């Protein structure tokens, strides 16, 4: 049975991020780079979008955390990802995988399955992506899921156990698991799906939240990342007229989040 996450835990992890300002190495897709950087800055992290293969390994070794997203994958980016992940592992830098459209396109699916063997600290995806990586039948529409998040809870648990990662399957309700315990986050707003990048940015926020976090606390950290994004989205949508006004309102609400607003949203 999924558990709710106490608001105090979310607030504690958010305060830790703002205090520590984790250097977050982001290798993401071309569509969302700027938005992702702004989301991280609004929350208090320090994004660095280092993508050159000549630099990615060196930077992953000194970063607080690495976030990998395969959304607009090319062979050159795949090489960069492999270099960065190997360097991160050698340096003890935790890293997060966002397996965009895994299970839909063979090339990226093969790369994601290869990366599963490289010990990601967390995996964040939609239901279809998580089900595909867990070896279950899934229905995806390009980068979008044709499965509901609750349909992927079992797959997320299987994937968490096989990979050793915390797995977050996101949708109308987010489910986060370490293979045994399952936490659910019910917040957010449908307007979040009408702008590009909220899911991809979430994966980098997950990375920032696990930076400097003890392994035993990673489940709560990942769930807290999902919670702050959902809460900010919900609050922004309440005042936005549409996608155009939603984005700046969303960034503002990430910046303004505090223990009181978190408690109100999760009450």
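Just so it is clear, glycine is given a Cβ too, placed from its N, Cα and C backbone atoms.
What Swiss-Prot says about this protein:
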type    : residues : note
BINDING : 49, 197  : substrate binding site
BINDING : 124, 170 : ATP binding site
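Secondary structure at residue 170 (ATP binding site), taken from DSSP and collapsed to helix, strand or coil, is strand. Its Cβ placed at the centre, residue 49 (substrate binding site) has 16 other Cβ atoms within 10 Å.
Least packed by the Cβ count within 10 Å, out of the binding-site residues 124, 170, 197, is 197. Calculated from their C-alpha atoms, the gap between residue 170 (ATP binding site) and residue 197 (substrate binding site) amounts to 13 Å.
Counting only the Cα atoms, the space from residue 49 (substrate binding site) to residue 124 (ATP binding site) is about 19 angstrom. Rounded to a whole number, the C-alpha distance linking residue 124 (ATP binding site) with residue 197 (substrate binding site) is 13 angstrom.
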